[in-house]
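Written below as C-alpha coordinates is the structure these notes are about.
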Amino acid sequence: MPEFGKAFLRRAFPRSHSLTDLSFENGSMSHYPIIVLASRNQKKANEISELLAPHGIQVQSVADFPEAEEVIEDGSTFGENAAKKASQTARTLSHWTIGEDSGLMIDALDGAPGIYSARFSGEDATDEKNNQKMLQELTDVPLEKRTAAYICNVALADPSGEICLQVEARCRGRMTAAARGQNGFGYDPYFEIIELHKTFGELAPIVKQHLSHRARAFERFIPRLVRLLQSQQR
(Lines of atoms letter the chains of each structure in order from A and count residues from 1; the text may use other names and numbers.)
(Lines give C-alpha, C1' and ligand atoms only; values in the text may rest on other atoms or scores of the structure.)
Protein backbone atom coordinates (compact mmCIF):
# COMPACT_ATOMS: atom_id res chain seq x y z
CA MET A 1 0.00 0.00 0.00
CA PRO A 2 1.36 3.50 -0.83
CA GLU A 3 2.62 5.60 2.09
CA PHE A 4 -0.27 8.06 1.75
CA GLY A 5 -2.64 5.14 2.17
CA LYS A 6 -0.88 3.95 5.30
CA ALA A 7 -0.95 7.48 6.68
CA PHE A 8 -4.68 7.69 5.98
CA LEU A 9 -5.27 4.46 7.91
CA ARG A 10 -3.22 5.72 10.85
CA ARG A 11 -5.24 8.95 10.94
CA ALA A 12 -8.52 7.06 10.64
CA PHE A 13 -7.67 4.62 13.40
CA PRO A 14 -5.27 6.01 16.01
CA ARG A 15 -4.99 3.19 18.55
CA SER A 16 -4.12 4.17 22.10
CA HIS A 17 -4.84 0.67 23.40
CA SER A 18 -5.21 -2.87 22.20
CA LEU A 19 -8.79 -4.07 22.14
CA THR A 20 -7.55 -7.63 22.28
CA ASP A 21 -6.23 -6.98 25.79
CA LEU A 22 -9.81 -6.48 26.95
CA SER A 23 -10.67 -10.11 26.30
CA PHE A 24 -8.02 -11.46 28.66
CA GLU A 25 -8.26 -11.70 32.41
CA ASN A 26 -5.51 -12.98 34.71
CA GLY A 27 -3.54 -14.19 31.70
CA SER A 28 -6.27 -16.41 30.28
CA MET A 29 -9.11 -15.85 27.87
CA SER A 30 -12.50 -15.23 29.45
CA HIS A 31 -15.26 -17.70 28.68
CA TYR A 32 -18.04 -15.68 27.11
CA PRO A 33 -21.40 -17.04 26.02
CA ILE A 34 -21.85 -17.63 22.31
CA ILE A 35 -23.61 -14.66 20.75
CA VAL A 36 -26.20 -15.11 18.02
CA LEU A 37 -25.99 -12.87 14.97
CA ALA A 38 -29.48 -12.03 13.71
CA SER A 39 -28.54 -12.36 10.05
CA ARG A 40 -28.67 -15.15 7.48
CA ASN A 41 -26.14 -13.38 5.25
CA GLN A 42 -23.17 -15.72 5.50
CA LYS A 43 -20.66 -13.23 4.10
CA LYS A 44 -21.73 -10.67 6.68
CA ALA A 45 -21.60 -13.33 9.42
CA ASN A 46 -18.07 -14.29 8.41
CA GLU A 47 -16.95 -10.66 8.44
CA ILE A 48 -18.40 -10.03 11.90
CA SER A 49 -17.00 -13.31 13.25
CA GLU A 50 -13.53 -12.26 12.10
CA LEU A 51 -13.90 -8.92 13.90
CA LEU A 52 -14.95 -10.56 17.19
CA ALA A 53 -12.78 -13.69 17.21
CA PRO A 54 -9.58 -11.94 18.41
CA HIS A 55 -11.47 -10.89 21.54
CA GLY A 56 -12.54 -14.40 22.49
CA ILE A 57 -16.14 -13.91 21.35
CA GLN A 58 -17.81 -16.60 19.26
CA VAL A 59 -20.68 -15.74 16.96
CA GLN A 60 -23.26 -18.16 15.63
CA SER A 61 -25.54 -17.25 12.73
CA VAL A 62 -29.28 -17.30 13.27
CA ALA A 63 -29.38 -19.64 10.27
CA ASP A 64 -28.22 -22.38 12.68
CA PHE A 65 -31.44 -22.06 14.69
CA PRO A 66 -34.46 -23.52 12.83
CA GLU A 67 -36.83 -22.15 15.47
CA ALA A 68 -35.75 -18.55 14.84
CA GLU A 69 -38.43 -16.43 13.22
CA GLU A 70 -37.76 -14.21 10.22
CA VAL A 71 -37.62 -10.59 11.38
CA ILE A 72 -39.53 -8.12 9.22
CA GLU A 73 -37.30 -5.09 8.70
CA ASP A 74 -39.95 -2.38 8.73
CA GLY A 75 -38.04 0.29 10.62
CA SER A 76 -37.47 3.73 9.13
CA THR A 77 -33.78 3.83 10.12
CA PHE A 78 -30.82 1.47 10.30
CA GLY A 79 -30.97 1.78 14.09
CA GLU A 80 -34.61 0.72 14.32
CA ASN A 81 -33.99 -2.32 12.14
CA ALA A 82 -30.84 -3.37 14.03
CA ALA A 83 -32.60 -3.09 17.39
CA LYS A 84 -35.64 -5.02 16.19
CA LYS A 85 -33.53 -7.85 14.80
CA ALA A 86 -31.53 -8.12 18.02
CA SER A 87 -34.49 -7.88 20.39
CA GLN A 88 -36.89 -10.21 18.57
CA THR A 89 -34.27 -12.89 17.96
CA ALA A 90 -32.98 -12.73 21.55
CA ARG A 91 -36.49 -13.23 22.95
CA THR A 92 -37.15 -16.17 20.63
CA LEU A 93 -33.86 -17.97 21.33
CA SER A 94 -33.11 -16.73 24.88
CA HIS A 95 -29.57 -15.88 23.77
CA TRP A 96 -27.46 -12.75 23.72
CA THR A 97 -27.98 -11.45 20.19
CA ILE A 98 -26.37 -8.92 17.88
CA GLY A 99 -28.59 -7.17 15.37
CA GLU A 100 -26.79 -5.35 12.57
CA ASP A 101 -28.28 -3.25 9.81
CA SER A 102 -26.19 -1.54 7.19
CA GLY A 103 -26.52 0.01 3.80
CA LEU A 104 -25.40 2.53 1.24
CA MET A 105 -26.55 6.15 1.05
CA ILE A 106 -25.71 7.97 -2.20
CA ASP A 107 -25.87 11.75 -2.01
CA ALA A 108 -26.98 12.25 -5.64
CA LEU A 109 -29.90 9.86 -5.04
CA ASP A 110 -31.09 11.70 -1.92
CA GLY A 111 -29.75 8.97 0.34
CA ALA A 112 -31.01 5.99 -1.66
CA PRO A 113 -30.84 3.05 -1.52
CA GLY A 114 -30.52 3.54 2.25
CA ILE A 115 -32.40 1.00 4.38
CA TYR A 116 -33.51 -0.69 1.16
CA SER A 117 -29.92 -1.40 0.04
CA ALA A 118 -30.32 -5.19 0.11
CA ARG A 119 -33.54 -5.09 -1.92
CA PHE A 120 -32.94 -1.99 -4.04
CA SER A 121 -33.89 -3.79 -7.26
CA GLY A 122 -37.01 -5.47 -5.86
CA GLU A 123 -38.08 -8.53 -3.91
CA ASP A 124 -35.93 -10.88 -6.02
CA ALA A 125 -32.89 -8.64 -5.59
CA THR A 126 -29.34 -9.89 -6.00
CA ASP A 127 -26.05 -8.03 -5.68
CA GLU A 128 -25.79 -7.91 -9.47
CA LYS A 129 -29.32 -6.54 -9.94
CA ASN A 130 -28.86 -3.96 -7.19
CA ASN A 131 -25.62 -2.75 -8.71
CA GLN A 132 -27.15 -2.52 -12.17
CA LYS A 133 -29.99 -0.38 -10.84
CA MET A 134 -27.54 1.82 -8.95
CA LEU A 135 -25.51 2.36 -12.14
CA GLN A 136 -28.65 3.23 -14.11
CA GLU A 137 -29.70 5.80 -11.51
CA LEU A 138 -26.24 7.40 -11.68
CA THR A 139 -25.87 7.35 -15.48
CA ASP A 140 -25.65 11.12 -15.92
CA VAL A 141 -23.94 11.89 -12.61
CA PRO A 142 -20.24 12.86 -12.90
CA LEU A 143 -17.70 11.10 -10.69
CA GLU A 144 -17.14 14.06 -8.39
CA LYS A 145 -20.86 14.10 -7.52
CA ARG A 146 -21.12 10.35 -6.86
CA THR A 147 -20.23 10.76 -3.19
CA ALA A 148 -21.75 8.24 -0.82
CA ALA A 149 -21.51 6.70 2.62
CA TYR A 150 -21.80 3.18 3.92
CA ILE A 151 -23.68 3.12 7.27
CA CYS A 152 -23.58 0.39 9.91
CA ASN A 153 -25.70 0.21 13.06
CA VAL A 154 -25.05 -2.51 15.64
CA ALA A 155 -27.34 -3.38 18.56
CA LEU A 156 -26.94 -5.93 21.36
CA ALA A 157 -29.89 -7.50 23.15
CA ASP A 158 -29.69 -9.61 26.31
CA PRO A 159 -31.55 -12.97 26.44
CA SER A 160 -34.74 -11.18 27.54
CA GLY A 161 -34.66 -8.97 24.44
CA GLU A 162 -33.63 -5.74 26.16
CA ILE A 163 -31.25 -3.58 24.12
CA CYS A 164 -28.05 -3.08 26.13
CA LEU A 165 -25.72 -1.47 23.59
CA GLN A 166 -26.13 0.32 20.28
CA VAL A 167 -23.64 2.16 18.07
CA GLU A 168 -23.55 3.56 14.54
CA ALA A 169 -20.67 4.45 12.24
CA ARG A 170 -20.11 5.39 8.61
CA CYS A 171 -17.43 5.32 5.96
CA ARG A 172 -17.45 7.90 3.18
CA GLY A 173 -16.41 7.38 -0.42
CA ARG A 174 -17.86 7.58 -3.93
CA MET A 175 -19.38 5.25 -6.50
CA THR A 176 -17.33 4.27 -9.54
CA ALA A 177 -18.80 3.71 -13.00
CA ALA A 178 -17.34 0.20 -13.28
CA ALA A 179 -16.74 -2.65 -10.86
CA ARG A 180 -13.18 -3.02 -9.57
CA GLY A 181 -11.93 -5.95 -7.52
CA GLN A 182 -13.33 -9.30 -6.44
CA ASN A 183 -13.42 -8.94 -2.65
CA GLY A 184 -16.35 -8.09 -0.42
CA PHE A 185 -20.01 -8.23 -1.38
CA GLY A 186 -22.96 -5.98 -2.16
CA TYR A 187 -21.87 -2.63 -3.58
CA ASP A 188 -18.23 -3.11 -2.51
CA PRO A 189 -16.69 -3.32 -6.04
CA TYR A 190 -18.15 0.14 -6.82
CA PHE A 191 -17.49 1.90 -3.49
CA GLU A 192 -14.18 3.76 -3.71
CA ILE A 193 -12.26 5.17 -0.77
CA ILE A 194 -11.17 8.42 -2.39
CA GLU A 195 -7.93 8.80 -0.39
CA LEU A 196 -6.78 5.30 -1.35
CA HIS A 197 -8.08 5.30 -4.95
CA LYS A 198 -9.30 1.76 -4.30
CA THR A 199 -12.74 0.21 -3.99
CA PHE A 200 -13.70 -2.11 -1.16
CA GLY A 201 -13.58 -4.83 -3.79
CA GLU A 202 -9.88 -4.12 -4.35
CA LEU A 203 -8.88 -3.91 -0.70
CA ALA A 204 -7.45 -6.93 1.08
CA PRO A 205 -9.83 -8.22 3.77
CA ILE A 206 -7.37 -7.27 6.53
CA VAL A 207 -7.44 -3.64 5.33
CA LYS A 208 -11.22 -3.58 5.07
CA GLN A 209 -11.41 -4.93 8.64
CA HIS A 210 -9.86 -1.66 9.79
CA LEU A 211 -11.51 0.77 7.39
CA SER A 212 -15.11 -0.17 6.61
CA HIS A 213 -18.30 1.18 8.17
CA ARG A 214 -18.72 -2.19 9.89
CA ALA A 215 -15.17 -2.11 11.25
CA ARG A 216 -15.68 1.43 12.55
CA ALA A 217 -18.94 0.44 14.27
CA PHE A 218 -17.39 -2.62 15.89
CA GLU A 219 -14.34 -0.54 16.90
CA ARG A 220 -16.76 1.31 19.18
CA PHE A 221 -18.93 -1.68 20.02
CA ILE A 222 -16.35 -4.29 21.04
CA PRO A 223 -14.82 -2.62 24.14
CA ARG A 224 -18.29 -2.00 25.58
CA LEU A 225 -19.41 -5.53 24.71
CA VAL A 226 -16.36 -7.10 26.39
CA ARG A 227 -16.82 -5.03 29.54
CA LEU A 228 -20.50 -5.95 29.68
CA LEU A 229 -19.81 -9.67 29.26
CA GLN A 230 -17.06 -9.54 31.86
CA SER A 231 -19.42 -7.87 34.32
CA GLN A 232 -21.88 -10.75 33.84
CA GLN A 233 -19.19 -13.20 34.97
CA ARG A 234 -18.49 -11.52 38.29
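Glycine residues also receive a Cβ, built from the backbone N, Cα and C atoms like all the rest.
The substrate site recorded in TrEMBL comprises SER39, ARG40, ASN41, GLN42, LYS43, LYS44, PHE185, GLY186, TYR187, ASP188, LYS208, HIS213, ARG214 together with one of SER102, SER121, namely SER102.
Here the Cβ of ASP188 (substrate binding site) has 24 other Cβ atoms within 10 Å, regardless of which shown protein chain they belong to.
Summary: among the binding-site residues (SER39, ASN41, SER102), the fewest other C-beta atoms within 10 A of the C-beta are counted at ASN41. In sequence order, the binding-site residues near ASP101 (active site, proton acceptor) (Cα within 10 Å of its Cα) are SER39, drawn from SER39, ASN41, GLY186, HIS213.
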